[in-house]
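Annotated in TrEMBL:
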- B:259-278: compositional bias 'Polar residues' (COMPBIAS)
- B:253-285: region 'Disordered' (REGION)
- B:21-39: transmembrane segment (TRANSMEM)
- B:74-98: transmembrane segment (TRANSMEM)
- B:110-127: transmembrane segment (TRANSMEM)
- B:133-156: transmembrane segment (TRANSMEM)
- B:161-180: transmembrane segment (TRANSMEM)
- B:186-205: transmembrane segment (TRANSMEM)
- B:367-389: transmembrane segment (TRANSMEM)
- B:410-427: transmembrane segment (TRANSMEM)
């Protein structure tokens, strides 16, 4: 595709992340560092998973269940990594609080904690978008574009950009939900992220069928909206609770 | 309905110094990647000028050679290059010993002129050719001349606006890095490894030129002229003193603590004279009786943590009897003590990382992304370790020297490891560039590069 179209697809997948970055994350250097390290960690996890599965792909059968197995294992390992990142974050939070005490500044506010979780989630989303969408765009610059048979109405790159956008949203905000759930001990929130991730992954299997992307992608966006709404409700609840408890923020 | 303004937590300012170094490094890498993908991406672009450079003088790689031949040739090339760099560095030590500092300063300005004027001019010509940009010779010459002269002044004079200086340093790094990516593939890799190893040797071995230079500078309490990127110092605008800006004050005299501090600084900052290795100098603030602080009525002591949470500011120690004498014998506040402990990163590191990422850009975007993240992660970890190390051992002067030495060695080892990692990730792709361009670069330009780094 042309350079203009390529930039368009890249912005489609990463545009909202870019605006979120400029609005929230770029003002606090620590969040930028969190974003960079989170991107690195999730990218390494994706590379590791693809290295493990490289031996089995391409699948010889046309059935859908090997793909389901692939998605299941990948989602499971990524969710394990998310829990491990939560542990790391707890330790870092202790360090930060100790440091704040030492320089007699207030401890981490709840908005700070949620912003750190947001930066971590955005790292996850950016890693996913780059790995699954942007890496397809750069070798494909040129005069023509590419269509897939099973989704023949829109170019392949546009489909992948749209799916990447949905996943970026899901990953960004489910990290906030997950961290909040772990810190409060709320079971719904703790299980929300893995369930939604798995559901979204399985929903992409619908694209394997002919004309499946017409059904699959709107459903995927439904999951993204669900994540957004749940995160919004959660944040609202926690902030109002916090305010009621007497803290101003 | 806010009764009070939002309390400022540590999250607002933590990690600011790291970002102030990571941003220009990222910009440099991004520009090199863009240049490489624009100018080298089209296989039919440009001309095949057969050129011998200093780095390919021993062996000119062609794609028909066997792997073993290429490796041998690349080793030969890098040997020659390292030999030339060693000779030039020893020359530099000799000149510094003979107190020809002015000559060194002028030579630095001259090399900046060469890099900006000639290398920048050639790249600009290539771009104009590529995009068929309509501009005539005279306009181009005037613009290029103006650009070059302002760049030389920015590098030369320390009174230039800091943003202009930083921008020009990034541009110089970008230009030199781009030229390095034009070398044949194997030569580039072996050269990077060789430079990293040479850097280690030159700093560690007792007869190493860089070590001699540092010791000379230490014993004379002078600064060494070099091209070093200095980040803008972090200004504390919160806290009890509220809005006090540290003035740029030069260090005066000193006793043992500050000498060690200076040695750590110069040693760490100085090895930036050669290409690779992360050389960071961070100010140490031990016993603060800062004259400037006292004048402005600040509370000395633990305040330094408040001002730069992650990395301590330098608290300049002054003899109470003397005033601060700004020493202007430096092209760019060089190594040694800068104003308020801003982090300095040698230009050689910019070039090293950008060459790595530029080479990655010739293959694949994912390699670029992975390499970029690895470099930034390593850089951030190195900076944090440096800060932590400083804080952990504030009172022991010897261990600070050793610590900074260890840290520098770690940084250099990190460079070597990074090279190996990148090379592994590249060789697993086996995507060969269809054209190998060798460009004719004058020998003087390579000497200029040696000085630049």
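Keep in mind that glycine also has a Cβ here, set from the backbone N, Cα and C atoms.
Stretch with the largest number of CB pairs closer than 8 A to the transmembrane segment (B:367-389), among B:21-39, B:161-180, B:186-205: B:21-39. Counted over residue pairs separated by six or more positions, the transmembrane segment (B:110-127) shares fewer than 3 Cβ pairs under 8 angstroms with the transmembrane segment (B:186-205), which leaves the two as not touching.
Outside the transmembrane segment (B:133-156) by six or more residues, the chain places 105, 108-109, 112-113, 116-117, 120-121, 124, 127, 164-165, 167-169, 171-172, 227, 331-332 with a CB less than 8 A from a CB of the stretch.
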